[in-house]
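First up is the structure itself, then whatever we jot down about it.
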Amino acid sequence: MASMVVQLMGMFLGIVGWCLESSCINSAVWRRASHGEAVMTSSSRYEGLWMSCASNSLGASQCQRFKTVLGLPGYIQACRALMIIALILGLLAVILAVMGLKCTKLGSTSEETKGKISLTAGIMFILSGVCVMVAVSWYAVRVVQEFYDPFYGGTKYELGAGLYLGWAAAALEIIGGAILCTSFKSSRPAQTRSLNYNYIASQPQKIYRSAPSENNFSKAYV
């Protein structure tokens, strides 16, 4: 019962992390234009992995997808690939986590096989979280470098809400995956011990008697 609760907790954290991860990759606020030196601002600009948006003081916003892929910086393309890989790994981990639950019946699947499936799901959750963590941290490092670079002539940006969503998603997926991995308990040693015990118990009991001594033979002939 306790192991099943641990599995459900790990799966729940992994699913929540995967949902945040999906929101992160679709977010258009990975970085926001800095207005630190401006006295009055009537518009703001923010960007994500797939589009660039601008909004005015009236609340109207307009977004435009990036027109080129190869013309984007290399780190943005790498972050896109990492996030897509993370989403695929997370989806597969959710499916495997459901299949590996102790309360789920899959034909004649043994508890040991379910434990291995749950372990695989935990590892995939951890890999998904690591991919998100690398992508978000890499993007954040570039934003901070450009912000503090005095020779950078372009628009300076600050960290956006999408990055914080990514960090939260990565943390939840890694924690959920670790919980799933720790819930894995192989039943093979317990089965081996029980089989050995049954084998020993089923053997016929042997009774050893001492060999007759010479005194017994002499008494028989008297």
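From the backbone N, Cα and C atoms, a Cβ is placed for every residue, glycine too.
Per TrEMBL, signal peptide is recorded for 1-17. Feature annotation from TrEMBL assigns transmembrane segment to 75-98, 119-141, 161-184.
Same-chain neighbours of the transmembrane segment (161-184): 3, 6-7, 9-21, 23-24, 27-31, 48, 90, 93, 97, 100, 115-116, 118-119, 121-130, 132-133, 135-137, 139-140, counting only residues six or more beyond its ends whose CB sits under 8 Å from a CB of the stretch.
Remote same-chain partners of the signal peptide (1-17), defined as residues 6 or more beyond its termini with a Cβ less than 8 Å from a stretch Cβ, comprise 90, 93-94, 97-98, 100-103, 118, 121-122, 125, 128-129, 168-173, 175-180, 182-183, 185.
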